[in-house]
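For reference, the structure discussed in these notes is given below.
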Amino acid sequence: MAFRKFVKSVLLGIPIGITFLDCVGYVARVDGISMQPALNPDASQTDYVFLSRWAVRTSNVDRGDIVSLISPKDPSQKIIKRIVGLQGDVVSTLGYRHEIVRIPEGHCWVEGDHTGHSLDSNTFGPVAQGLLTARATYIVWPPERWRRLQTELPRRRRPIQIAKSASYYSQ
């Protein structure tokens, strides 16, 4: 009887768990220094963040959010960066082939916080919105760093001109 109950629990729990991970979110390890000082401020410790898939599905991302995305350079790799500009915004770049870029419809501009130590839009240009997989909402490990990640954009990296429509996925 106990075995049947266990099997029933497992058969019910697996689809619920998969649905949660696929629709709501998951915890991921942040490697590297590209997001210092917001993430991994001490190179000897690694941050783990909760990535909310729900935020991306419901179009709930904005300038200053830290997001996970599929790398435009290597689709087998996921990277984590900060959204600097949304479609229609005009941004000044840091070493991209054009000094000023208007972000095309359906795209955003992402950068690492550690300028010069990040492969980001300054390397590969505007990123298609479809490559965004989740928004980082909390640091969940190590315990002394537990906190909600704030949506903040460094003053020096604000768009030159913000698009008239403030909505991320507006048409």
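Every residue gets a Cβ built from N, Cα and C, even glycine.
Pulled from TrEMBL, these are the features on record:
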ACT_SITE  SER34  active site
ACT_SITE  LYS81  active site
DOMAIN    5-92  domain 'Peptidase S26'
DOMAIN    101-141  domain 'Peptidase S26'
Between the active-site residues SER34, LYS81, where is the Cβ count within 10 Å the lowest?
SER34
Take the C-alpha atoms of LYS81 (active site) and SER34 (active site) and report the distance between them in angstrom, rounded.
8
Could you give me the DSSP helix, strand and coil counts for the domain 'Peptidase S26' (5-92)?
24 helix, 27 strand, 37 coil
